[in-house]
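What follows is one structure encoded as structure tokens, with my remarks underneath.
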Amino acid sequence: MLLVLGRRVSLSFVKRVIPQDPVLLSKPILQNFRTIKFRVIHSSTVFAIATRQNTDTMPERRPFVRLPTDVYPVNYGLCLKPDLIDFTFEGKLEAIVEVNLATNQIVMNCADIDIITASFVPEGGEGEEINATGFNYQNEDEKVTLSFPSALQKGSGTLKIDFVGELNDKMKGFYRSKYATPAGEIRYAAVTQFEATDARRAFPCWDEPAIKATFDISLIVPKDRVALSNMNVIDRKPHPEDDSLLEVKFATTPIMSTYLVAFVIGEYDFVEGQSSDGVTVRVYTPTGKAEQGKFALEVAVKTLPFYNDYFNVPYPLPKIDLIAIADFAAGAMENWGLVTYRETALLIDPKNSCSSSRQWVALVVGHELAHQWFGNLVTMEWWTHLWLNEGFASWIEYLCVDHCFPDYDIWTQFVSADYTRALDLDALDNSHPIEVNVGHPSEVDEIFDAISYSKGASVIRMLHNYIGDEDFRKGMHSYLLKFQHKNAATEDLWDCLEQASGKPIALVMSSWTKQMGFPIIVVDQEQQGDDRILKISQKKFCASGPHNGEDCPNWMVPISICTGEDPGCTKLKVLLDSPETTITINSVSPDQWVKINPGTVGFYRIQYSSAMLESLLPGIRDLTLLPVDRLGLQNDLFSLSRAGMISTVEVLKLMEAFVNEPNYTVWSDLSCNLGVLSSLLSHTDFHEEIQEFIRDLFTPIGLKLGWECKQGEGHLDALLRGLVLGKLGKAGHKPTLEEARRRFKDHVEGKQILSADLRSPVYLTVLKHGDSATLDTMLKLHKQADMQEEKNRIERVLGAISAPDLIQKVLTFALSEDVRPQDTVSVIGGVAGSSKHGRKAAWKFVKDNWEELHNRYQGGFLISRLIKLSVDGFAIDKMAAEVKSFFESHHAPAAERTVQQCCENILLNAAWLKRDADDIHQYLLKRKAPPV
């Protein structure tokens, strides 16, 4: 499953690289850096204690027992008949089961389902059908116990259950999804989302990933509707009792887990292709929009053979369908053979889709198709190992996109989109290890987060680099062969990779998966003749400063080192397996710089000595450092400033050296960090000064790019232009604002339609500096938009409006019928992220409407996302107490950890502001002062 987490909070977060002539930075800028001094902060220890006091440990876990193993399923014969008018469904289950141990009860998972009758028929018809005499529902544990009057004897038999359920509106289980026909009539499709624990809302089952079985599925549907499931259709016939219905029967599935079962009933068009290895691929779109499925089809047809070759294991099903679902909570879901997507993660309109949307679709398709092997063919034994599924798919999606679209320079974008995001979250005291023991269903949703996905992907990238591609592929192949159609744990993969590479994989990796956090690598150097001696040590990095406790954890850290002689080539690799070590690098002249972690692959922060850092800085100016390393250096320093280890002023000085930076991803990361700083300083009376800093930094690249795309430009230029113009417009750069208003007027009047890549920056700019007429125009554009991408584009920027009464109007709009339920969160988040007033208004709105919001998103990751977006930007100690207190009386079990992380972030922001606000203010004033 791919989540719409912070990976794409705003369009500016989807990263890319621009090939342009390197422009040398003027020397005076760099003279600012002569004295970056690392602070020894004493307040950080006090602060760390405050943090830990204010964000209590996780509440006690609910008692939880997995299903008994005395009866298990071999095959589910399942027939479902949804009612698309009354939103109910009838179901018949005939499951072939194996009784391991004589018993007079069967315990299964079941939620929001009413069982009408249940019986057991022993195999061979020797015994009579035994009717169940009682159904005991344990609603809290989502289980049902079927009681029988006599013991079911050891051996095979058939369990028959008739049941009814509701097609709910919660975007989980078997649910209804609202759509409009081309003529504008509102109708509903019946669709599924079962991961993690919601197959039990569609039929009584053994809903645990390790209890695999085959499935024979039949659907009884209106004859004018499309019916799809995991497998191909083998029979279609009129329903004997109602000729307006069809009975559609699907082929038997391979042995699989319940969370991967899927069915969809609705109205769709499709485009079809065939992969080079003979698999039929279809992309299903809303009626009349088949053309918008072509890009995803092209990606899927290229991707299947890529994975086939990479894993050296063929795709095991005859077909794969990719389908766009109107109401969909996640980004996409990898159901075997029937992958479901949000419309914006699958549909691309050749004229009206922007470059970042194309890239997003390519990544999501790559992610879900990887799961067809890694997750579906071999499945985690229990949710504790979820990270392996998601971390792996979140890594290999980039490998796949790099193969399909080399011009995207996607691996540089990975560092900004996933790697740095994971570092930020994992530096918190309220992070968690990659591997988390989970039990109760309410705990499972919590681990669908940036640690499982982005940190998981980052440590797999580090592992791949440590092992090398050839041995990595060899290990993957043997893992998939050994465990195909079975379940595996993290250790099983380590064993296979260890055998393939001969390296101590389990030892190295357990330090990254079983303990939370990561190290900061502290480096100093001295020259001895022609050799450079490096002193390297590690300690746990905390967002509140370095870990100074007694029991400091250690990691097995693969460390690579390069020098100024050849920045793209690793000169030395070592495994740091102790708190400190000394390394000698031969033949390095005194004038050459030395850099740790080239390519920014190792999952750690770096603190260089002042002299080492100073020697690296010219590499930013003359672009001899690789883009990914320029980005990494800046991101590390920004993180150290937030932790109080250096002054934020030093980072601002460093940022000024990027004024002629050509690379999209580097700019994107700078933009992100300046956004964080701008949000922090909105709590001061000098917010305008940081806007001026942003305008000064982004103006040269803005002038160079201009508004019109030029001949020979590619994907990354389009992304950079949108990013830079949006940043300048939001910061109030007058020429950008005037041009945006002019272009917006022409767009609205139909004189000159804005290109898709310019819409977000223009919409954002005119709204930020707009009035009620601007907002009304934007809401009108939203209503008229036929494409979900355009609706989302508008929804994400509506919060930029400044006037308090208009902010309220946007918040009310967020919960209206005009906004799809999964998109309400980004509208509220847009308000919270736009201004100090917006933040307060959004938090008040969430509190005032908590019942409705919680009812809508409870037990899913959207509730966590909503909370994070609403409160993460506060920077006053008392707000942490207020947030904590609110959620103590308004429980959100699936978001407990998120609430603690938010409270910790608020306290960190407050400490940062107290520590550095005056210095930042003085620096920004001094910048403006005329030279004496």
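Cβ coordinates are placed from backbone N, Cα and C, and glycine is handled just like the others.
Straight from TrEMBL, the features:
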ACT_SITE  GLU368  active site, proton acceptor
BINDING   HIS367, HIS371, GLU390  Zn(2+) binding site
DOMAIN    73-260  domain 'Aminopeptidase N-like N-terminal'
DOMAIN    295-512  domain 'Peptidase M1 membrane alanine aminopeptidase'
DOMAIN    593-906  domain 'ERAP1-like C-terminal'
SITE      TYR453  site 'Transition state stabilizer'
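Ranking the recorded positions HIS367, GLU368, HIS371, GLU390 by the distance of their Cα atoms from the Cα of TYR453 (site 'Transition state stabilizer') places GLU390 first. Within its own chain, HIS371 (Zn(2+) binding site) has GLU334, ASN389, ALA393 as residues 6 or more apart in sequence whose C-beta sits under 8 angstroms from its own. Sorting the recorded positions GLU368, GLU390 by the number of other Cβ atoms within 10 Å puts GLU368 first.
If you take the C-beta of HIS367 (Zn(2+) binding site) and look for same-chain residues 6 or more apart in sequence within under 8 angstroms, you find LEU2, ALA332, GLU334, ALA393, SER394, ILE396, GLU397. Around the Cβ of TYR453 (site 'Transition state stabilizer'), a 10 Å sphere holds 28 further Cβ atoms from the protein chains shown. The domain 'Aminopeptidase N-like N-terminal' (73-260) scores a mean pLDDT of 95 in the predicted structure.
Spacing of GLU390 (Zn(2+) binding site) relative to the residue listed as 'active site, proton acceptor' is 10 Å (Cα to Cα, whole number).
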